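Engineer: Below you'll find the structure I mean.
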Amino acid sequence: MFRQSKTIITKLTNLSFQGSWRSRGSSAVEKALKYTVGQKIHNFTVKEVTAVPDLFLTAVKLSHDATGAQYLHAARDDSNNLFSVLFRTTPMDSTGVPHILEHTVLCGSQRFPCRDPFFKMLNRSLSTFMNAFTASDYTMYPFSTQNAKDFQNLLSVYLDAVFFPCLRELDFWQEGWRLEHENPTDPSSPLVFKGVVFNEMKGVFSDNERLYAQHLQNKLLPDHTYSVVSGGEPLAIPELTWEQLKHFHATHYHPSNARFFTYGDLPLEQHLQQIEEEAMSKFERTEPNTAVPPQTPWDKPRMDHVSCRPDALAPDPVKQNTLCMSFLLGDITDTFEMFTLSLLSSLMMSGPNSPFYKALIEPKIGSDFSSSAGFDGSTRQASFTIGLQGMAEDDTETVKHIIAQTIDDIIASGFEEEQIEALLHKIEIQMKHQSTSFGLALASYIASLWNHDGDPVQLLKISESVSRFRQCLKENPRYLQEKVQHYFKNNTHQLTLSMSPDERFLEKQAEAEEQKLQQKIQILSSEDRKDIYEKGLQLLAVQSTTQDASCLPALKVSDIEPIIPYTPVQPGAAGGVPVQYCEQPTNGMVYFRAMSNINSLPEDLKIYVPLFCSVITKMGSGMLDYRQQAQRIELKTGGLSVSPQIIPDTEDLDLYEQGIILSSSCLERNLPDMFQLWSDLFNSPRFDDEERLRVLVMMSAQELSNGISYSGHMYAMTRAARSLTPTADLQESFSGMDQVKFMKRIAEMTDLTSILRKLPRIKRHLFNPENMRCALNATPQKMPDVAAEVERFIGNIAGNRKERKPVRPSVVERALGPEAGAAATRKLISEAHFKPCQMKTYFQLPFNVNFVSECVRTVPFTHADYASLCILGRMMTAKFLHGEIREKGGAYGGGARMGGGGLFSFYSYRDPNSTQTLSAFRGGVEWARAGKFTQQDIDEAKLSVFSAVDAPVAPSDKGLGRFLNGITDEMKQAHRERLFAVTERNLIDVAGRYLGIGQQTCGVAILGPENESIRKDPSWVVK
């Protein structure tokens, strides 16, 4: 997977920390503290042992005696153990060699020579995460699992893959690039470029924001590895040879150039022994020549320009330009300076109280900040970028002037103390909040700094940095202003990069690709052509052969826990509103949710619900204007959010609950403040500021438009499903292409008064305690206080309570659970007369890849066949569709899955094909109906399904399934038993009965470039 350099990797405020989950007599944390500096363990030497109480862990730093490999172990009482190995990969061209290598090492190794052990292990393990990332200057291979045996299995596969890969030429052709006949079996069909990474990168550069971010980095840091595209520039990829790939592996994938990281409660000695025996003992030290030198600073600012494709869904078609100024900062190994600059970046541009928000967003010059804006600590020297997307070309000079003026204003005025406190409170919340994938977050958080020989342990001492930051401010009130003066005002290493759409952009890309193709073809001899044809057949034969994977380790179905852990909840009520209390070790946090149905909302207002949800917490309430409200939310909570929720019934596909969910969290001490903020939103929301609404509408429309090229498969699945169930129909309105186009129309309106007037009407129906139920997760000690505060909150909002008739008369009541009491019911809408119908929709978009989906209406969650369809989807993906769609078809991804709403969905992602992929979906059904699978295939599919079913759940989210969907632990256990019981006969039966042609109604949708054959086919609706 190509990971673009962005703040996701190192930005502190993106890391959700996780508190101690379990108490033990002798915990992993305590045991690790007993290691001593200089201690030898399996040819590793302990260099440092550090308690990190902020994160409830002990950090043990080691180095390997023979190779010098660096090792960090984070011992913590968390059963979701993680391993990661990182190599510094610094390419000097844009052929994508580190990215193609990342794909190819996972295609088979010395001990595990079968093709594609990585994808095969997804189905032979209970992993909670398995992947690999190529960043600008490193490649990382992480996995996590809760099962100790599984950890050892995966560690063996990962170590062998990275250090002893086969790197077969056939795998290079498949994963990287190749010249091949369009139809490999027909030598008269034209020669074309194929390859998984080749198509993936074409898809990446279909996304204007990704394109811009890539150029920004290349041009800001032009001296060394950051001047090239590590993921591969599509037209440079065909310059890479197999020999160059093997050479890059030999020079970069060595323990002397590696950083190992392990996390969790498994014993460190065990990891070290296995790593030493299976990999390290076979190597000697080398001197890797992979360091990135500092960029030579410029003596004057530079400007540059880049072109992109037009955006058919842009909120304002005449405002499609992007302009940013990017400043090169200091070395990321200076952890405290980077901590300060990361906070400074947030103060400068996060939220409506920040100076750049006021200066750039509120005047409505652009639709939003560029997604490249902010602090980026993923390269050796960090950078800060500020600028806009969705702006007019004429405003270029204005924006430059505003940025310069705002920097001057910050130097003159600084920041309010309350803004700084709000930001430090955010850090405190994130240190308390518990995520389920903390090991992975930690591995990503330290990756860039450690990659450049910084101290990863220092980076984890967050409280120390906060204290030092406070001290610096105390000693020098102009501390931050002086940083702004130094890094922004006086910094000559700054780049101004503009981007504008070119109507012929995709056409020019296609022409350039054709030109590159012809260059390659023209130099081919008749021998070469014959060779290409034969190699194409050879690859196809290998792809079509069932692989013997018996060399790979695997868990057995008997390794899966037969019984789920029970989550106790206490039902109650506050002021007549049902409340679910769930006592959990939340580490001093309180989590609040409320579900409110929208059954009484008039039909004409329904399409506005997502807009209402996105603006209601951002327009002010009570005595607070929107700026004061934002400040208060930051100071007292982990955020307030409102989002639409459509929940299918577990027994009937024509029943569903429609509503909104309110979510927030806070530190225990701020509980009254959090509920006061909600009370103000219920009692006195502000709907009087049209200018504020316009800003929010533009940002929302831009975000939706930007998201399509990244999440195209989700939009395709949502659209394909819309005509199959009432739930899916409403889902398309709320979160599909219908909503994207609706928001574009609103963004184009010159007068939003009519929209503004609708918001109070919607609020009366949505913020009605009569339709509400609440859920709270907190520590047992705090729960009495929580109950009292909820009671007070419901009392405060009682004036909004009104019994309103549902718009649709057919309402079915379902109890929330056996012990919830008569009052606690969910009011579901019944559409018994809904008629599913066949529909094929094509969205023509300026992309150069497709997103394809087909959906079939099947059965609800509690139906006896639901479990079989879950197993079938996973098995079909691993054993048939992966080979057809990715290996042969060249798409980045694809598969099939069973959804909770009773829909069986096929999909492909960044796919060079369109209707051919629909044929592959059908082929998958025929493969299953013919029973062309083994008991081993079924067992592997079960392991894969259970790894998702048993994924860790954070204390903040325990009991949510029951609260939202009415799915009790008993129902989960029954589903579990049905999954265990699935047989070959069941799978053949459900494939024929539900997925066979003509058996059930299906819907199809494709998002992709212009397609002449579909346009001429009357069975398709072209949008």
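Here the Cβ of each residue, glycine as well, is placed from N, Cα and C on the backbone.
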Engineer: Could you look at Glu180, Glu182, Glu200, Glu209 and say which one Swiss-Prot places alongside His99, His103 in the Zn(2+) site?
Structural biologist: Glu200
Engineer: Out of these binding-site residues, His99, His103, which one has the fewest other C-beta atoms within 10 Å of its own C-beta?
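Structural biologist: If we count Cβ atoms within 10 Å for the binding-site residues His99, His103, the smallest count is at His103.
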Engineer: I'm trying to understand the geometry here, so how far is the Cα atom of Glu200 (Zn(2+) binding site) from the Cα atom of Cys551 (disulfide bond), in Å to the nearest whole number?
Structural biologist: 30
Engineer: State the three-class DSSP label for Cys114 (disulfide bond), counting H, G and I as helix, E and B as strand, and everything else as coil.
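Structural biologist: Its secondary structure by DSSP: coil.
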Engineer: Cα distance, His103 (Zn(2+) binding site) to Cys551 (disulfide bond), nearest Å?
Structural biologist: 20
Engineer: What is the total of other Cβ atoms whose distance to the Cβ of Cys114 (disulfide bond) is within 10 Å?
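Structural biologist: Result for Cys114 (disulfide bond): 16 other Cβ atoms within 10 Å.
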Engineer: Let me check the 10 A CB neighbour count of Cys551 (disulfide bond). How many other CB atoms are there?
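Structural biologist: Step by step: centre on the Cβ of Cys551 (disulfide bond), count other Cβ atoms within 10 Å, giving 14.
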Engineer: So for Glu200 (Zn(2+) binding site), how many other CB atoms are inside 10 Å of its CB?
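Structural biologist: A count of 27.
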Engineer: Give me the Cα-Cα distance between Cys114 (disulfide bond) and Glu102 (active site, proton acceptor), rounded to a whole Å.
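Structural biologist: It is 17 Å, counting Cα to Cα.
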